[in-house]
């Protein structure tokens with residue numbers, strides 16, 4: 001129970017943020033917010049020891065019991081690891097943001113509310129065992145990410161980036177929902193645990209592949225895999241703490257999480273192995289290749305994140321291979337899943353610190369354009385140290401944690417060529433090659449990032465601010481992360497036993513009976529293995545290419561702009577915009593009369609169609625009231641009045657015609673025994689005429705109707721059709737009384753129960769009092785509307801553009 | 001009587017729709033007025049026009065006119081008054097602002113979104 | 001709309017009171033005989049409209065200094081309050097109460113909470129109608 005509440009703590013805390021922001025002006029709101037993730041991190045840390053033994057914790061909070069929907073918090077190795085990342089990195093990011101965002105200039109309450117909302121959403125994603133709530137939290141992360149990217153909403157680029165990420169990730173989320181629903185239909189349960197337990201049966205189901213592809217689409221869009229990665233570089237418009245948090249450490253890993261979580265269900269499929277590994281590897285290569293092209297510091301990091309996410313994804317795909325190999329626990333394939341989780345942790349540490357450094361450089365120099373930067377090493381030595389640690393780890397050099405996971409990655413890729421199912425025996429050789437090439441580019445952009453910023457020529461004239469070292473508070477968070485980067489290299493097995501193995505156990509539950517059974521020991525040195533030679537090759541080729549970078553970087557511009565995915569996205573969005581606009585403009589002419597024409601035609605078609613289809617039209621004279629002599633006279637008067645109103649050439653005549661009709665209707669009420677109606681109608685008609693006369697001077701004169709013949713004909717046809725339809729309905733209603741009137745009840749009870757005599761009035765104030773209540777409400781609204789239209793005139797001003 | 005009324009109501013509706021589809025604002029308002037009259041009569045007719053006495057408890061009367069349609073119509077009359085008044089003001093305000101009563105000219109242009 | 005028709009103004013004064021009292025009667029009697037809040041309210045409004053036509057808005061306003069928007073609001077609150085009151089007693093929304101009393105002079109009469117509700121309707125109808133007429137009439 002309380003375990004579920006932990007998920008919602010950030011969201012509840014968010015309620016107080018605006019008040020704190022308003023009332024406590026002197027203290028940066030971030031200090032209050034910091035307490036939330038820090039507390040949660042400590043709470044989750046207490047679970048570590050038990051979860052490392054293989055225990056799981058489950059708590060449930062019913063949400064919509066009638067639909068079997070509940071919020072479930074399920075903590076096993078995998079979700080605990082993610083929860084710790086979310087709260088741990090979250091604390092560091094909040095700490096960093098306190099120094100990054102100015103408390104006077106920025107709308108901190110917005111920022112922290114969104115951030116806390118995101119925290120809840122993300123904790124919900126990784127802990128939910130229930131498919132529907134998982135989806136709910138999933139989309140909530142997209143929404144909070146949208147809000148955070150668009151935080152500086154007066155910038156065009158922010159809004160564009162926010163919208164792009166929203167469209168792509170929410171679109172993917174919808175696909176995923178489809179996959180979830182298929183899973184539910186197949187397994188008849190929303191619980192992921194139960195679905196995993198029945199995985200072998202699910203596989204036989206014809207919808208299995210569909211749900212697999214749909215869920216993967218959700219994961220790929222969220223984790224910025226090829227070709228959906230295009231939203232991530234644009235998301236860099238967000239404030240840097242957000243980029244460090246959402247777009248490198250946590251949210252983009254939700255897709256990874258999803259793939260890892262569903263591996264036990266889908267890994268049996270050949271398609272899964274191919275898609276996850278292939279797309280991951282392609283993304284790895286693509287991201288690293290294009291990272292070198294970027295000139296924006298955060299752009300480089302964005303593409304690098306894309307590429308690293310691809311790496312983890314491909315490792316998870318390779319980890320799924322273990323499901324197809326007999327005795328997998330003893331073979332080399334077991335490394336893949338371990339490496340995936342291990343690299344996920346490492347990536348969060350070094351990429352988080354790098355983003356923070358990019359933010360620091362932006363903050364201190366005023367630019368993130370790498371062409372303007374250079375030679376900052378002596379000015380910002382601390383930042384340089386942290387950046388160097390981060391980039392070397394990213395490049396896969398010892399003694400940093402990236403080296404370890406990079407080695408394991410190469411091991412996993414090398415082993416894929418020995419895998420002899422699904423055609424891997426022919427294509428498998430490509431995997432290590434692509435991995436190797438991508439690693440070279442990773443090496444290059446890592447060096448590019450750090451050396452083009454911190455070494456080289458110092459160009460103060462190109463920098464908006466005079467640079468100096470960042471305040472120490474801002475450096476604390478990246479330094480802590482950098483410390484992790486180094487520490488993990490020296491104690492990989494402690495991290496492995498406490499965090500990675502329980503998570504691997506969650507991904508491959510069939511292979512092991514407890515996390516302790518996973519006999520993987522991470523070593524920095526494992527002899528003169530192929531992996532080591534590959535690494536040496538990476539460093540050699542990487543250094544060569546990096547030195548020659550200025551010579552070949554221009555090649556990127558040869559890549560035609562028209563063929564990029566971004567261009568493709570823009571074209572689609574523009575095409576949708578223009579195309580749909582054109583389609584709707586076909587019928588949305590802006591002319592009220594056309595719309596009315598549609599409506600009336602629709603009514604006629606539907607009603608007459610129903611009459612025909614249901615064979616509802618009947619006609620009989622039986623039961624008709626006798627023809628009233630006055631009635632006939634009134635009908636004649638009524639028709640005359642209608643004709644006057646219809647054909648009148650002047651305003652006055654038309655109004656008189658309408659008035660005549662109104663009074664005749666009142667007389668009808670008289671002869672049909674409806675005294676209340678007659679009274680009301682008479683008075684209303686009088687007041688209406690007075691109203692028309694009051695407004696008379698303001699009203700336009702009736703012009704001659706100059707219509708095009710075609711519209712006139714349409715108009716005549718439609719009006720006759722409506723007339724005929726109403727007549728038919730009235731006749732049928734008269735001719736078939738299926739049930740007796742419920743008025744009998746009113747007649748019987750009006751005196752005894754309601755204490756009244758006038759049934760109509762009693763119905764109004766008592767039996768159907770609700771109608772009357774709403775009616776007077778409507779009447780009041782009409783009155784207020786009129787008052788507003790006349791008294792409160794809008795002054796015509798051009799609206800201010802929202803861009804500053 | 002109901003049969004005759006049915007045709008009368010049909011005629012009222014026809015005239016109303018014809019007016020509503022015209023260009024001039026005032027004609028449209030008059031059209032809506034006719035439409036509500038037609039609707040009231042329709043409801044009354046559908047409930048049956050028999051009944052010897054008004055739906056008021058009184059010693060001696062045996063069959064009442066159906067009170068329910070009457071209650072509905074009473075509500076409708078007042079509402080349609082409110083709506084007509086609203087339309088009227090809307091019409092003359094837009095005439096003041098736009099200097100035309102031709103609704104075919106009153107359409108949102110592409111510029112203002 | 002300024003007219004100096006003495007006969008019209010004189011008649012209007014008298015007729016106003018006739019219509020006004022008739023409207024009150026119609027409103028009160030509504031539960032047992034034709035009438036009720038709607039008709040009563042409309043009649044009252046039409047009586048005031050008659051005054052407006054015979055004199056002009058300014059004069060009428062000085063004679064009857066009523067803020068009709070407030071009247072509408074009061075009516076809505078009265079109706080809603082009557083409907084909601086039974087909830088305080090644990091009864092469903094819109095439960096009405098009534099009883100018969102023998103009052104001096106008037107004889108056997110019923111007192112009815114539906115009457116209060118109808119009073120709300122009456123106020124709203126008068127308020128809205130007069131708001132409409134007044135705003136249109138004042139607008140230049």
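Cβ atoms here come from the backbone N, Cα and C positions, even for glycine.
No curator has checked TrEMBL annotations; they are predicted automatically.
Residues or ranges marked as domain 'NADH:quinone oxidoreductase/Mrp antiporter transmembrane' in TrEMBL: A:128-421.
Averaged over the domain 'MrpA C-terminal/MbhD' (A:637-701), the predicted model has a pLDDT of 86. Look at TrEMBL and you will find A:637-701 tagged as domain 'MrpA C-terminal/MbhD'.
TrEMBL lists A:716-791 with the feature domain 'MrpA C-terminal/MbhE'. Under DSSP, residues within the domain 'MrpA C-terminal/MbhE' (A:716-791) fall into helix, strand and coil as 59 helix, 1 strand, 16 coil.
Counting only same-chain residues 6+ beyond the ends of the transmembrane segment (A:134-154), those with a CB under 8 A from a CB of the stretch are 107, 110-111, 114-115, 117-118, 120-125, 128, 161-163, 165-166, 169-170, 173, 176-177, 180, 192, 218, 222, 234-235, 237-239, 242, 246-247, 251, 254, 802-804. If you look up TrEMBL, you'll see A:134-154 (among others) marked as transmembrane segment.
The transmembrane segment annotation in TrEMBL covers A:166-187 (among others). Away from its own ends, the transmembrane segment (A:166-187) comes close to residues 131-132, 134-135, 138-139, 142-143, 145-146, 194-195, 198, 201-202, 205, 207-208, 210-215, 217-222, 228, 230-231, 258, 265, 573 of its chain (Cβ-Cβ under 8 Å, at least six residues beyond either end).
Residues or ranges marked as transmembrane segment by TrEMBL: A:244-266 (among others).
The transmembrane segment annotation in TrEMBL covers A:272-292 (among others).
Here TrEMBL flags A:335-361 (among others) as transmembrane segment.
Look at TrEMBL and you will find A:373-395 (among others) tagged as transmembrane segment.
The annotation transmembrane segment is assigned in TrEMBL to A:429-451 (among others).
If you look up TrEMBL, you'll see A:472-495 (among others) marked as transmembrane segment.
Residues or ranges marked as transmembrane segment in TrEMBL: A:532-549 (among others).
Beyond the transmembrane segment (A:678-697), the same-chain residues lying 6 or more positions past its ends with a Cβ under 8 Å from any Cβ of the stretch are 651-652, 655, 658-659, 662-663, 665-667, 669-670. For A:678-697 (among others), the entry in TrEMBL reads transmembrane segment.
Sequence-distant neighbours of the transmembrane segment (A:717-735) (same chain, 6+ residues past either end, Cβ-Cβ under 8 Å): 597, 600-601, 603-604, 607-608, 611, 616-620, 622-624. Taken from TrEMBL, the feature transmembrane segment applies to A:717-735 (among others).
Look at TrEMBL and you will find A:772-790 (among others) tagged as transmembrane segment. Beyond its flanks by at least six residues, the transmembrane segment (A:772-790) meets 764-765 of its own chain at Cβ-Cβ distances under 8 Å.
Across the domain 'MrpA C-terminal/MbhD' (A:637-701), DSSP helix (H, G, I), strand (E, B) and coil residues number 54 helix, 0 strand, 11 coil. For the transmembrane segment (A:532-549), the list of distant contacts is 292, 395-397, 403, 406-407, 410, 432, 436, 439-440, 443-444, 447-448, 451, 526: same-chain residues at least six beyond its ends, Cβ to Cβ under 8 Å. The stretch in closest packing with the transmembrane segment (A:272-292), judged by the count of Cβ pairs under 8 Å and taken from A:244-266, A:373-395, A:429-451, A:472-495, is A:429-451. In this chain, the transmembrane segment (A:472-495) touches the transmembrane segment (A:373-395); three or more CB pairs sit within less than 8 A of each other, excluding pairs fewer than 6 residues apart. Here the listed stretches are A:244-266, A:335-361, A:429-451, and the one with the most C-beta pairs under 8 angstroms to the transmembrane segment (A:472-495) is A:335-361. Sequence-remote contacts of a segment are chain residues at least 6 beyond its ends whose Cβ falls under 8 Å from one of its Cβ atoms, and for the transmembrane segment (A:244-266) they are 78, 82, 85-86, 89-90, 93, 96, 115, 118, 122, 125-126, 138, 141, 145, 148, 176, 183, 192, 195-196, 199, 202, 212, 215-216, 218-225, 232, 235-236, 238, 272, 276, 301-302, 305, 309, 312-313, 316, 319-320, 323, 337, 340-341, 344, 347-348, 351-352, 355-356, 359, 503, 506-510.
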